[in-house]
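Annotation source TrEMBL lists compositional bias 'Basic and acidic residues' at 282-300, 311-326. Look at TrEMBL and you will find 1-269 tagged as domain 'Major facilitator superfamily (MFS) profile'. Among the features that TrEMBL reports, region 'Disordered' is placed at 277-326. What TrEMBL lists as transmembrane segment is 93-110, 122-142, 154-175, 181-203, 215-234, 246-265.
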Amino acid sequence: MLVFVAFITREWHTASYLCAAISALIFPILWKLPESPVFLEQKHKIEEAIESRKRIAEICDLEYEEKEVTAINNLKKITFFEMLKNERLRKNFLVLCFMWFYVGMATYITDLNGADMSKNLYVGQFLSGVLLSISKIIFGFAEPRFEWLGRRTVFIFSQGVAIVTYILILFALYTDSKETTWYLIVYLCAYSFQALSTETCYLSVAELIPTDVRVTVAAITNICLRLGTIVASLTKPLKFSAEPALFWINLVVCSIGITVVYFYLEESRNANLQNVGQEEVTSEKDKSESKLIESQHETEIESGISASETETQKETESTKSVEKNE
């Protein structure tokens, strides 16, 4: 859409106004959509959550099913610091931050330096947008139908294809094959599959982070994404001095990233968003409460022992004083 707007306007002021007008079309949709019932239930706004679920069922043309209120009331509030204290949640948070940073960096390096992938700027940009749209549509239809198509699988597959394309791009640059048709196809695949991995980043934040801190973590990961794009923008001078270095950077960064994801990213497909982090925080609180009870019990025992020792000492002293008087 952005490429089409730029093509018909050919002037950035008009393009900015037209993009703003197109973006404003989403406001009626936002007005119609209800608030997330999971978020409302986490805040114990039960009546609003019920109304939200009814509206969602009406929009989707489904029959509304009531949910047990007792299960909702048992949800525990999770703070950001409680999330960091828990080993599993902390690991998920750090992995997501790294994913967003390096995906943003690699995607922006690929996009920023792809203006000359074809002889005509608009042709290359149109084709990259079309291919990316097609890949995301295919992913959207395939994801609900194939259980094996999890978050890890999609991310590792897309990053694997991107790594292969970076190797082919390097080969093209070293052999002066930049203006060939196969270079254009390879570059389009590099951008599309690199950008497709961002879908996993968004879904993983929603499915691996507790509801209470999901917005906070999403904001932090978006900052990591922006930091990645800032770092990527600093590599622009390499385009004119040592262009292969750009894709060596992407190749190294993506190789590290796919390794981290393979070993540390949890599969979150079909996760119950409402119960994310509940078991971990509950077990942590139970452990702390049991430790507190044990310490109190030990204190009571020690105080009892000291009290009995004091009484025994007093009895001994009184006995000695009686013997002396006799």
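Glycine is no exception: its Cβ is also placed from the backbone N, Cα and C atoms.
Annotations in TrEMBL come from automatic prediction, not curation.
In this chain, the transmembrane segment (122-142) lies close to the transmembrane segment (181-203): three or more C-beta pairs between them fall below 8 angstroms, excluding pairs fewer than 6 positions apart. Stretch with the largest number of CB pairs closer than 8 A to the transmembrane segment (181-203), among 93-110, 154-175, 215-234, 246-265: 154-175. Listed stretches 93-110, 154-175, 246-265 were compared with the transmembrane segment (215-234); the greatest number of C-beta pairs under 8 angstroms is found for 93-110. Sequence-distant neighbours of the transmembrane segment (93-110) (same chain, 6+ residues past either end, Cβ-Cβ under 8 Å): 83-84, 155, 162, 187, 190-191, 194-195, 197-198, 200-201, 204-205, 208-209, 217, 220-222, 224-229, 231-233, 235, 246-247, 249-250, 253-254, 256-257, 260-261, 264-265.
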